[in-house]
Amino acid sequence: MFCIQCEQTIRTPAGNGCSYAQGMCGKLAATSDLQDLLIYMLQGVSVYAVKARELGVVDTEVDTFVPKAFFSTLTNVNFDDERIIAYAKQAAQYRESLKNAYEATCEQSGKTAEQMPPVAQLVLGTSKLEMLSQAPISLLNKDKNNIHEDILGLRLLCLYGLKGAAAYMEHARVLGKTDVDIAADFHRIMAFLGEPSVDADKLFSTAMEIGQLNYRIMALLDAGETEAFGHPEPTVVNTKPVKGKAILVSGHDMKDLELILEQTAGKGINVYTHGEMLPALAYPAFKKYPHLVGNYGSAWQNQQKEFANFPGAVVMTSNCIIDPNVGQYSDRIFTRSIVGWPGVVHVTGDDFSVVIEKALSNDGFHYDEIPHNITIGFARNALMAAAPTVVENVKNGSIKHFFLVGGCDGDKSERSYFTDLAKSAPKDSIILTLGCGKYKFNKLEFGDINGIPRLLDIGQCNDAYSAIQLAIALSQIFECDINELPLNLVLSWFEQKAIVVLLTLLSLGVKNIRTGPTPPAFLTANLAKILEDKFGLRNTTTVEADLKTMLNVA
């Protein structure tokens, strides 16, 4: 086992990364090894997808399968060995199908089929034991003793960034949005990573390519969400329980939320969003469901307590899931799509009857708690509509600064930095937030500036796209470079989606971003210095010191 993809990975003077019997996330060594093997198989599929495409052979099933299966290897997504094995076997079948199509097309056109790299030739074991015996070939740091540590760090930056992009591709696909050019570029990069490079410049340029690719994917996902559910609008949301039977929907998949709402209508069940599903409450399509009563709980890391106290059924539509046995609710939590936990019921298809039955058999909430409201829904359209008013307030001096404070949440005590930063931001500043990092301060009262709320919740982590559109619009209005705006980005990171959002921002030329609370363990000190020199990327320090720098206070 070697896994170093998330913030909570082991860090010691002897080296970084989880490499023992179990990772800090709870992932067992065998699961980690199987995931690495799955990635290796998927890279082999992409090798053939690239070669087949060169001859005009495109398999759209492969184009959707590879990102989806890759998504299952993100932090806190799938801990079920049998599901990972099934993905690996399916990958082997797709690779063989593409291989046959490629070779047949070569023969028909009189071309000689190319010799493929080892990553496209592995004969997958037939049993779990055989697959685990093959794991060393796919270990991410297998050649660490023969390469510079910066090379390994760059490879991992690319791999983890592409994982995040794959997740957003799958989110878009669920909403019916795919793109053949995006798929082609994804396969090309996936295949490149399958043949470990030692070219630092090529790896760095690939990281920027991944950022650019993800920008296109986020635009695709934005279109999918707004076409399906309308444009989010400022919405007041209750964050306290309401009397009645209950279902909690977590993750990012709003299509699943829609299905659950349709199937629970008239059944006396209240539906709540959780974590990254909170922004769904701002979409017009969901406002026709009176039994979508609000948001329950906070970010992913608190779920073992919050789900244990939730008297109903819980559905995990995507990341993040952690051990449900701790809070003894494994019998009433359900997984969907790429999510998996051993022993937890996995819902396939679009029938949520088993979830509904579980909700009805539980007590539900016995009384209404006193409401606590927050306001959400300041995504792209709402921000653009408010832009003229914002510009006027900037010009008259009422608004002097903007902060984007968001990203992933986590349980490290150092993350109080983000709460303190939001609370310490000057009263003449606007705070934009997104992702589950918002839960560090989204229930606090920040007031307004001439009717403009000082806290603007943009949405899910992928809604960084909305923030980028606002920044571009403001830079055009003020006729300045995006980096000359009175705007500072402070991003909390935990896993691979945050990595690819960061790569997206860097690839667009956004500079002087702060990330925290700790830098990715796979980035060497030298790589961190290069990123600082090139982009002004730096780690958070203290709120007082960072604010002085961001506000240019002497």
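The first residue you see is number 1, and the count goes up from there.
Keep in mind that glycine also has a Cβ here, set from the backbone N, Cα and C atoms.
The feature [2Fe-2S] cluster binding site is assigned by Swiss-Prot to C3, C6, C18, C25, with sequence analysis given as support. Within the same chain, the residues at least 6 positions away from C3 ([2Fe-2S] cluster binding site) whose Cβ sits under 8 Å from its Cβ are T9, G17, C18, S19, G23, K27, S32, L140, listed in sequence order. DSSP assigns C3 ([2Fe-2S] cluster binding site) to a strand.
If you draw a 10 Å sphere around the CB of C320 (hybrid [4Fe-2O-2S] cluster binding site), it holds 25 other CB atoms from the protein chains shown. Look at C320 (hybrid [4Fe-2O-2S] cluster binding site): DSSP puts it in coil. Annotation source Swiss-Prot lists hybrid [4Fe-2O-2S] cluster binding site at H252, E276, C320, C408, C436, C461, E495, K497, citing sequence analysis.
Residues or ranges marked as cysteine persulfide in Swiss-Prot (evidence: sequence analysis): C408. The number of other Cβ atoms within 10 Å of the Cβ belonging to C408 (hybrid [4Fe-2O-2S] cluster binding site), over all protein chains shown, comes to 28.
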What is the Cβ neighbour count of K497 (hybrid [4Fe-2O-2S] cluster binding site) at a 10 Å cut-off, with all protein chains included? 32
Across C18, C436, C461, listed as binding-site residues, the smallest other-CB tally within 10 A is for C18
Using a 10 Å radius around each Cβ and counting other Cβ atoms from all shown chains, which of the binding-site residues C6, C25 yields the largest count? C6
Could you tell me the C-alpha distance between K497 (hybrid [4Fe-2O-2S] cluster binding site) and C6 ([2Fe-2S] cluster binding site) in angstrom, no decimals? 10
Using Cα positions only, nearest of the binding-site residues to C6 ([2Fe-2S] cluster binding site) (E276, C320, C408, C461, E495): E495
So what sits near H252 (hybrid [4Fe-2O-2S] cluster binding site) in its own chain, CB-to-CB under 8 Å and at least six residues off in sequence? H171, E276, M277, T317, S318, N319, Q460, N462
